[in-house]
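Novice: I have a structure I would like to understand better, so I am pasting it below and will then ask my questions one at a time.
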Amino acid sequence: MASAQENGNTSAHDHAANGAQERKPYDYGGNPLAHVRTDGSVALPAFGGDFQPGLYKRNRKLANPAPLGLSAFALTTFVLSLINVTTLNITEPNIVVAIAYGYGGLVQLLAGMWEVACGNTFGATALASYGGFWISFGIILTPGGFNIVNTLEGVTETGGMAMTPEKFTNSFALYLFGWFIFTFLLLICTLKSTVAFFSLFFTLDLAFLMLGLGYLYADAGTPKQSLITAGGAFGLAAALLAWYNALAGIADNTNSFFVIPVAHFPWSEKGREKRGKVDNSAERAAQDV
């Protein structure tokens, strides 16, 4: 008589035995940022989902969209932040409009939609939202049909002087403060992840705060430059950290001679394991399966 396994049927006992034997909670696949999902980790926290750069997942049916979204965010933020710190005496962000629409907006939004397909709520929310941020930022700065800035400042169709410049700066400050609050909510979800991942949202949150204050305390329609410069500095840090995390999601032992070093928070799962606070014995594995 053929066995149950030969007939393609497997008992619950067989599943439990096989699961206990194959369970490897920290099989990083050469990448220290990786966190393998198991039967005991159904929920996808920020550092465990696909937006966690470097997630090692066997038999992946879809490529990891996180590095693409992070790269789109990084480059657009990098260029805008260079302008905010008046690099090469450039102060007008007109060049950012094209990047905001094409790369930071469209590409990042698409990456967020692919995170939906991957089943990662955090990654989808973050990438799609910041893609929307860059598209809306481009809309605000686009002259002509939208005419947002001129309408708020009271500029006539003939191009007269702005009558109420403070209305735009105050409105733009509220816009930035809204993104500051949203980024803070995401920041909370990274407290059990890695230092690199947390630092990305921390510096980005400070950038939104500084820029919002810079526009709030504008003088006759001119943002306070010291605060704008501070926001640009934090924005540059966020851009570099986004590229850093993106590289961590791309580089592995199949295409690179090194992996990106990261630091785990001591209260995170990996940090507790290093301190002997997590039981990964075979008996514990058998209980969780």
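Glycine is treated like the rest: Cβ placed from N, Cα and C.
Reproduced below are the annotations present in TrEMBL:
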- 1-11: compositional bias 'Polar residues' (COMPBIAS)
- 12-26: compositional bias 'Basic and acidic residues' (COMPBIAS)
- 1-30: region 'Disordered' (REGION)
- 62-83: transmembrane segment (TRANSMEM)
- 95-114: transmembrane segment (TRANSMEM)
- 126-148: transmembrane segment (TRANSMEM)
- 168-188: transmembrane segment (TRANSMEM)
- 195-215: transmembrane segment (TRANSMEM)
- 227-247: transmembrane segment (TRANSMEM)
Novice: Against which stretches of its own chain does the transmembrane segment (62-83) lie, if we need a Cβ under 8 Å and a gap of at least six residues from its ends?
Specialist: 50-53, 55, 90-93, 95-96, 99-100, 103-105, 107-108, 110-112, 114-115, 117-118, 123, 127, 130-131, 134, 204, 207, 231-236, 238-240, 242-243, 245-247, 249-250
Novice: Apart from its near flanks, which chain residues at least 6 from the ends of the transmembrane segment (195-215) lie with a Cβ under 8 angstroms of it?
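Specialist: For the transmembrane segment (195-215), the far contacts come to 33, 46-47, 52-53, 77, 81, 84, 169-170, 172-174, 176-177, 179-180, 183-184, 186-187, 223-228, 230-232, 234-235, 237-238, 241-242, 244-245, 248, 260, 262-265.
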